[in-house]
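**Student:** Just dropping this structure here.
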Amino acid sequence: MVSKPFMVDLDKPMVFQVGHLGEAYDRWVHQPIVSKDVPRFFSNDFCELLTRTKWWVIPLVWLPVICWLVSVSTQRGLTSTEVASTVVGGIFIWTFLEYSLHRFLFHMETKSYWGNTLHYLLHGCHHKHPMDGLRLVFPPAATAILCVPLWTLIKLLSPPSIAPALFGGGLLGYVMYDCTHYYLHHGKPSKGYGQTLKRYHLNHHFKVQSKGFGITSSVWDHVLGTFPAVKVGDKSR
């Protein structure tokens, strides 16, 4: 008797179902459902609440932290010019992290039960339900956990006066990334760079999901050869 492949029931909490898809998970998760009606993740209300974050929470939580980090570097002797250049350096470092995390972590292929489950929580849910506005930005608690190794590395490699502003710049880059990402899905830019960036990002979701890993810019996609090819018919658009 041939067993039937596992089918996800969208009317039931999702997280502990997707692991059962096994090797079929990657194909399933990259078939987006474009709807604002999204399924629950968990049956437990508290766990479900932790998965939902309004976009404006990100700048509300992290901008004061960034200001404090910059002030620490100022107190430790950096001039305004030095602080500004260090913050810009941190933003530049973030752009590479943004690309690398998206390409190598968020789009890793998984087949095991727990691999599929963790990937779905981390990024798979966004590709399956790209219009879910409450699961588009990272919850601050998750961001804080991910910041620990980055802050530790920066402290080890940078002088004490530079480390806070450099980390603050990276954190500012992250805030710009999350807010930009939300806007690309839910905003309606009519022209200019915003419209170009939105088209480029939606191409990643709905056409070529193996390319176009930048969010705030396509610089690293150009540098590292993952910018999606432009069709002849698209050049005039």
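Heads up, the Cβ atoms here are built off N, Cα and C, so glycines get one too.
So TrEMBL has the following annotated:
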type	residues	note
DOMAIN	88-226	domain 'Fatty acid hydroxylase'
TRANSMEM	55-71	transmembrane segment
TRANSMEM	83-101	transmembrane segment
TRANSMEM	136-154	transmembrane segment
TRANSMEM	166-184	transmembrane segment
**Student:** By Cβ distance under 8 Å, which residues at least 6 away from the ends of the transmembrane segment (83-101) in the same chain are close to it?
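**Tutor:** Same-chain residues near the transmembrane segment (83-101) but 6 or more away: 70, 73-74, 150, 162, 165-174, 176-177, 213-217, 219-221, 224.
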**Student:** How do the residues of the domain 'Fatty acid hydroxylase' (88-226) split into helix, strand and coil according to DSSP?
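**Tutor:** The composition, in the requested order, is 96 helix, 0 strand, 43 coil.
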**Student:** If you average the pLDDT over the domain 'Fatty acid hydroxylase' (88-226), what number do you get?
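**Tutor:** Averaged over the domain 'Fatty acid hydroxylase' (88-226), per-residue pLDDT gives 95.
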